[in-house]
Amino acid sequence: MNSAGPKCVTLITGANTGLGFETAKALFARPEPYHILVGCRGQISRAEDAIEELQHLFPGTASTAQPLLIDISSDKSIALAFAEVQEEFGYLDIVVNNAGADLDTAVSSGRLTKREAWNQTWDVNVTGTQLFTETFAPLLLASKTQLPRLIFITSGLSSITEHANGSSPRYALAPAGWPKPDTLFLAYRSSKSGLNMIAAEWARVLRNDGVKVFNISPGFLDTGLGDDRASAERREKRALGAIDASVGGEFCANVVEGKLDEQSWPSKALRKNTVQPW
């Protein structure tokens, strides 16, 4: 069994792009040393390319990284990744549940049927996240740090309270009659509401083990959650007012560092400067 020495061993799913990559960048910029497992699905070269970019951006960093092939929608992939991490390290200090899917637009483009889009979105954002966490949780309990952390990534669109209050024009009542106007991002929004319950439950389950559990809402970021069409998706999000993903990466890195530890219990969804209503 190998060890990363004094470095904080941190696994970030979906870390080759988007918020996951921006979180890795933010950690590489810190003076504290991290050893980051750059999780990616598909081809391991995606993680290797991301690591090469990290090393290019931060040549003097004390942190290191290695690729980890993991697709949280696959039980086999989760099991293989767990076996790899368990054999090489035997523990984890930080887990960031970043991998996610937003496939609502795939319906309007004709790539997926509604059922396919809903099933795949929930499979990643809810089922996959739960099964991945369930598998890797024992490694957090074996952490070499005093305060292991488990982080979930929710969305501002997941708040049922804000939906009920009509706090956004998107929640305005629909006109009478049929057909109704399209409901935007409902598969994604509802899946993140489901994720909120998972995060709250893990906070309860791990409370007496000393694992700090966070559920963070990083804001509307110009990330690509869908697939290899991410660049076009990012352009569309910017046009709608999305902020740079690096802002979310800094927020997540602050949580990793422990700057929001006092907010870990009772369970809540954390925005950058406030608590997000359930």
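Glycine residues also receive a Cβ, built from the backbone N, Cα and C atoms like all the rest.
Going by Swiss-Prot, these are the annotated features:
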type     : residues                                    : note
ACT_SITE : SER155                                      : active site, proton donor
ACT_SITE : TYR188                                      : active site, proton acceptor
ACT_SITE : LYS192                                      : active site, lowers pKa of active site Tyr
BINDING  : LEU19, ASP71, ASN98, TYR188, LYS192, THR223 : NADP(+) binding site
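Other Cβ atoms within 10 Å of the Cβ of ASP71 (NADP(+) binding site), summed over all protein chains shown, number 21. Long-range Cβ neighbours of SER155 (active site, proton donor) (same chain, at least 6 residues apart, Cβ-Cβ under 8 Å): TYR188, ARG189, LYS192, SER217. The DSSP secondary structure for ASP71 (NADP(+) binding site) is coil.
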